[in-house]
Number of protein chains: 2
Amino acid sequence: MSLIQPRTLKGFRDYLPAVMMPREQMMQTARDTFRSFGFAPIDTPVLEYLEILSGKGSDETDRQIYRFQDNGGRDVGMRFDLTVPLARFAAQHIGTLGTPFKRYHIAPVWRGENPQAGRYREFVQCDFDTIGTLSVLADIEAVAVINQLLEAIGFDRFTISVNNRTILTGLLDQFGLADKSVPVLRSLDKLTKIGREKTHEEMCRVAEIDAAQADAVLALAQCDGDAESVLAQLPEITSGNPIAAEGIQRLTEIYRGALASGVPARRLKLDVSIARGLDYYTGVIFETTLDDLPEIGSVCSGGRYDNLAGLYTKQHLPGIGASLGLDRLLAAMEQLKLLPEASTPAPLLITNFDHSHRDDYLQMAAHLRAAGIGVEVYPDTKKLGAQLKYADRRGFTAVIVAGGNEWDENRCQLKTLATKETTDVAYTHQDPAALVAAIQSVLSASATSPGSRSAAADGSPAGS
Amino acid sequence: MSLIQPRTLKGFRDYLPAVMMPREQMMQTARDTFRSFGFAPIDTPVLEYLEILSGKGSDETDRQIYRFQDNGGRDVGMRFDLTVPLARFAAQHIGTLGTPFKRYHIAPVWRGENPQAGRYREFVQCDFDTIGTLSVLADIEAVAVINQLLEAIGFDRFTISVNNRTILTGLLDQFGLADKSVPVLRSLDKLTKIGREKTHEEMCRVAEIDAAQADAVLALAQCDGDAESVLAQLPEITSGNPIAAEGIQRLTEIYRGALASGVPARRLKLDVSIARGLDYYTGVIFETTLDDLPEIGSVCSGGRYDNLAGLYTKQHLPGIGASLGLDRLLAAMEQLKLLPEASTPAPLLITNFDHSHRDDYLQMAAHLRAAGIGVEVYPDTKKLGAQLKYADRRGFTAVIVAGGNEWDENRCQLKTLATKETTDVAYTHQDPAALVAAIQSVLSASATSPGSRSAAADGSPAGS
């Protein structure tokens, strides 16, 4: 029989343990954070009716949907984001769920776009949203969640940029240019790339506004400084326009509320230039950048939208939410050397080189697990050297060696792999306490050693 | 614009928070258990080349694969289990990974079969496997994992049935009937359904063995009693056949090793009649039934297989693994009333009915979260009655009420929803300790009250 070549499709990838472990940990951190704010998990099918998925998408997303006819002749597609399914879900179940409805959803999505470096056809989205309330409290809370989430993942130096799109809307309204908001935003979006002068030129040419108006738009977009000073400048730049004033008021409340929620002022930036796409968001918008890697772009973005489920129900469902860029963050952590290198989730290996003591190894492992220590027992009685090589390669923190002599003498050897230290520890099945204590001390020393977010930290079993 | 009817495809389902929360908790329990034994997570793409998926499947699974041509004209399919992707993955990466390779994989799979009650076209599989070792230690460990997993999920009364298929193989070999093993097993598989007599008759007729041989096969399959007594009877029933003797030896080691690993004897049953499909497994096999709901069938099954990746590589990769029946277990827990009813992952709601104190509510929430208490703040300043109704409906354990008077007097009201008790607790932002203690006491009382595996237990944030 000829072999089938084992391979993955272009744009898709396997996750090996060393890569999957930090991914899984980040997803768990996200879940824990969302839950601590009262966001509840939901899940929706990967396949949906194609008309549901393509209902409101742009031509571009429509083209990217993996679509086919199922066995029943239905036109179906694989979800390309988690927002369209949320909209369908909310329209279908909001009567049961009631509002406010706070959900998170961590799940893969698929886009048949041309894969590039760092872009894949299958990737995980990690979203949280509050549906059914216009309260600014929900906006503030979104900032607090982003702050808490990045902190819990392990970042300290990051910036959450906040804007309220209605401020620009107010400025344009003041000039009688409310209908120009899309081309103006489109030009403004290029500001960091093409610079002030070219943006000004393009705004006048493409959006057909005059030079003074373009000056005012740019003055607003480039309004800089700490949050208090930005808030002080905005009323004058927007000439007291009432729509802008309301937007400034909301932005002020978000800033003050975020501080009250414990977000440090140094992480908050009021940035009236961010636009985040043109159509979707209608109010506050967020972008989050890592201070040490700003070039990778936003790692958590979102905002407020007017009407989530308008395609599927007449019920008006406003919402506010954001999405964590899991892949981008993991790539950043790799670049910043924040990821552990271990590919074992258990920090301890019990070596196995005496056949007649197999059940002793198993019993010892059970005692250690009961004490909250993750333990692997090497399955075969190979030479110790081969087992230690395996331990090094997998990234175990410590190994236990116990042969006939040790078992006869009610002791075992505990080897710490990083320091090559070996100590003799008393052990009997009746009294594993000394061994448990010795291992815990080795694991906690390893967890606190510099540069080591090691297996010990995320390798202990439930409840640790 | 006409509305699109929000609906899911036949055989697919949405998970609302009340259902998703225990699902997520069970998946997390599985991860924690697998990790504590040194199994590491992997993930593979949902889409694979069709030739990879249909390589070894039966006609039936082949028919059920969701398949299509992607934009690049490739024949692709959605995975229908996690074993074929594991085989492809192992063939592709085992050189990098090395053996023994221990992995778990919790992920959805798709089968376009006709949906029936309790069967869906999309469901989650939850597998763990050890690849690349023939050691009986890995077999024993699989039993220990199953025991630990069901205990961690919350079950006490369950039975892990263990068999080693080579014992029957040995018996048939003794009769010179080694080539009859498939039809004999096929008949034997019906034993519980059609009874001894009809099975005997069918075995003679279909498998063409004689009555004495059928008697011996049935004596083996019906060999009953506690494990020690089964192990004592087997050598005589198999007439000392050396293949059977080796199988009995391995079964004995698995039994003794499982006891050493802390699996209670009352949960272990040596059952020589279980076959678990005809082709795949080659050695030890497991099935797990709930003592209080045996009729739902096995909730965790698996076994040892000879050659996992033979379609994709010449490297011989034996394996041992099992699969937790997540959906079946959740259905069982619902039936046994073991599931909480809450649809909030945070146990505490801070009501919000005084606009001017919004930032105080937010600051209080931040303090409580920092103390490890999951907190939701009601976003709108609705009437207290409406907010309490929301709290009841969502299943919060307790709510905090603080209006102008309370804030002026540095206190708040803590209401326990189950008991309708309200207490006044001192609170300032500078010193939240009294409130933290009062809430923790309410939450722990609620977590230990009968029948309540409540939000408090699984609602606290990370690290609790």
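Note: Cβ is positioned from N, Cα and C throughout, glycine not excepted.
Model, not experiment: these values are computed from the prediction.
Look at TrEMBL and you will find A:1-345 tagged as domain 'Aminoacyl-transfer RNA synthetases class-II family profile'.
A:TYR281 (L-histidine binding site) carries neither a helix nor a strand DSSP state and counts as coil. All chains included, 21 other C-beta atoms sit within 10 angstroms of the C-beta of A:TYR281 (L-histidine binding site). The L-histidine binding site annotation in TrEMBL covers A:ASP81, A:LEU82, A:THR83, A:ARG111, A:GLN125, A:ASP129, A:ARG276, A:TYR280, A:TYR281.
Under the DSSP three-state reduction, A:GLN125 (L-histidine binding site) is assigned to strand.
According to DSSP, A:ASP81 (L-histidine binding site) sits in a coil region rather than a helix or strand. The average pLDDT computed over the domain 'Aminoacyl-transfer RNA synthetases class-II family profile' (A:1-345) stands at 92. Within 10 Å of the C-beta atom of A:ASP81 (L-histidine binding site) sit 16 other C-beta atoms, taking all shown protein chains into account. For A:GLN125 (L-histidine binding site), the same-chain residues 6+ apart in sequence whose C-beta sits under 8 angstroms from its C-beta are A:ASP81, A:LEU82, A:HIS105, A:ILE106, A:ALA107, A:PRO108, A:VAL109, A:SER323, A:LEU326. Cβ contacts within 10 Å of A:THR83 (L-histidine binding site), excluding its own Cβ and spanning all protein chains shown: 21.
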